[in-house]
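**Q** Annotation source Swiss-Prot lists ATP binding site at His16, Asp165, Ala166, Lys167, Asp240, Arg246, Lys247, Ala263, Lys267, citing sequence analysis. The Mg(2+) binding site annotation in Swiss-Prot covers Asp18 and rests on sequence analysis. According to Swiss-Prot, the feature K(+) binding site maps to Glu44, an assignment based on sequence analysis. Summarising the annotation, Swiss-Prot assigns L-methionine binding site to Glu57, Gln100, Asp240, Lys271. Positions annotated as region 'Flexible loop' by Swiss-Prot, on the basis of sequence analysis: 100-110.
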Amino acid sequence: MSKNYLFTSESVSEGHPDKLADQISDAILDEILKQDKNARVACETLVKTGMALVAGEITTSAWVDIEELVRNVITETGYDNASKGIDGRTCSVINAIGKQSRDITQGVDRGSLEDLGAGDQGLMFGFATNETPTLMPSAIYYSHLLMRKQAELRKSGKLAWLRPDAKAQVTLAYENDKPKFIDTIVLSTQHNESISQKELHDAVIEEIVKKVIPNELITKDTKYHINPTGVFLIGGPQGDCGLTGRKIIVDTYGGAAHHGGGAFSGKDPSKVDRSGAYMGRYIAKNIVAAGLADKCEVQVAYAIGVAKPVSLMVNTFGTGKITDNQIEKLVAEVFDLRVGKIIENLDLLRPIYRKTSNYGHFGRELPEFTWEKIDKADILKSAARI
């Protein structure tokens, strides 16, 4: 890639149908983990007009009222009237959950957490860059801020015409590989019939965009596309079918890094799609926080039933203060990449996952998000002797 370029990422609101599905899957996971930390959960959700279908494989001693939980998530997300796309109080809830295959169970469970085998094969990536305060890429960072502001204004009632479904997209102009200004902002939000297009356009610019985007990133040439189709009345599951795991780029780095292909929501942490990706972020963030590189991507891969990873790779894109191979050796010394130790060290057997399902799994420094800590940075810096 040239040193001067445009780069774009998107985010979606918690009322986007795919995100509604993610929230349901993670809410079910959370409720099970409250009762049974040894549960095996792979929960998928589909939402469409007037219905929610929950399916997957769950092995647990816990009892969860799936129907009530699904209804609560839908209404809490703002879908409490059929005119919005679905009504959690009256929609149909279909439960098609089965148990995990015994063949998988015998290959994964080892008695002790330390010896736990990976729940499946797969490759995962972690990433960090010093572009933003949370060490996230700029385009996804600002896209998430726009969507969080939209939700805040909707929930507070300040913009009473807002409805739950929305999307944002930010295009950053880079010069010499550094973000310089925002070239384009796209924001589409569902609304009711009381607002005109001009009023909506002006309110979104003044109350959402200008409240979260730094002035220094906006130029006279910055382009705005606010509800560019003109009307966004039909949204949520009525407008589009929603499925768990359909927003994996929104969940991660907005396309600024590789992705191993595995989704997160609805999966307990024995599934390395989730725990391996969280560990990758933890490693990459600590490398950048330590000053070992300006930008870092980590790949880790696992075999089903095997505790240790089959591979580890570090790429600093030429920004490393020491070689990538040297950083890899430090990572192997400082971080325990066995699946059970990842779960233990990041304290992943807690009911924290519904919070992860909106506005990205990475870059939000909440107490529950242990993979966002930079507690290994000083250790890495000292070991690297920089």
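In case you wondered, yes, glycine gets a Cβ from its N, Cα and C as well.
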**Q** So among Glu44, Glu57, Lys271, all listed as binding-site residues, which is physically nearest to His16 (ATP binding site)? Use the C-alpha atoms.
**A** Glu44
**Q** Out of Glu44, Ala166, Asp240, Lys247, point to the one nearest Glu57 (L-methionine binding site) in space (Cα versus Cα); all of them are binding-site residues in the record.
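**A** Considering only the listed binding-site residues, the nearest one is Glu44.
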**Q** Specify the nearest of the binding-site residues Asp18, Asp240, Lys247, Lys267, Lys271 to Glu44 (K(+) binding site), where nearness means the distance between Cα atoms.
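**A** Comparing Cα positions, the closest of these binding-site residues turns out to be Lys267.
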**Q** Taking only same-chain residues 6+ apart in sequence, whose CB is under 8 Å from that of Ala166 (ATP binding site), what do you get?
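**A** Result: Val12, Ser13, Gly15, His16, Met147, Gln150, Ala151, Leu187, Ser188, Thr189, Gln190.
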**Q** Please state whether DSSP places the residue listed as 'Mg(2+) binding site' in a helix, a strand or coil.
**A** helix
**Q** Max CA to CA distance in Å over the ATP-binding set His16, Asp165, Ala166, Lys167, Asp240, Arg246, Lys247, Ala263, Lys267?
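**A** Across His16, Asp165, Ala166, Lys167, Asp240, Arg246, Lys247, Ala263, Lys267, the two farthest Cα atoms sit 25 Å apart.
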**Q** Tell me which of the binding-site residues Asp18, Glu57, Asp240 sits in the most Cβ-dense spot, judged by other Cβ atoms within 10 Å.
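**A** Of the binding-site residues Asp18, Glu57, Asp240, the highest Cβ count within 10 Å belongs to Asp18.
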**Q** Sort the binding-site residues Asp18, Asp240, Lys247 by C-alpha distance from Lys271 (L-methionine binding site) and give me just the closest.
**A** Lys247
**Q** Measure from the CA atom of Lys267 (ATP binding site) to the CA atom of the residue listed as 'Mg(2+) binding site' and give the result in Å, rounded to a whole number.
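**A** For the residue listed as 'Mg(2+) binding site' versus Lys267 (ATP binding site), the Cα atoms are 16 Å apart.
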**Q** 10 Å Cβ neighbour count around Lys247 (ATP binding site)?
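**A** Its Cβ has 25 other Cβ atoms within 10 Å.
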**Q** Using other CB atoms within 10 angstroms as the count, which residue among the binding-site residues His16, Lys267, Lys271 scores least?
**A** Lys271
**Q** Provide the number of Cβ atoms within 10 Å of the Cβ of Glu44 (K(+) binding site), excluding the reference atom itself.
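**A** Here the count is 21.
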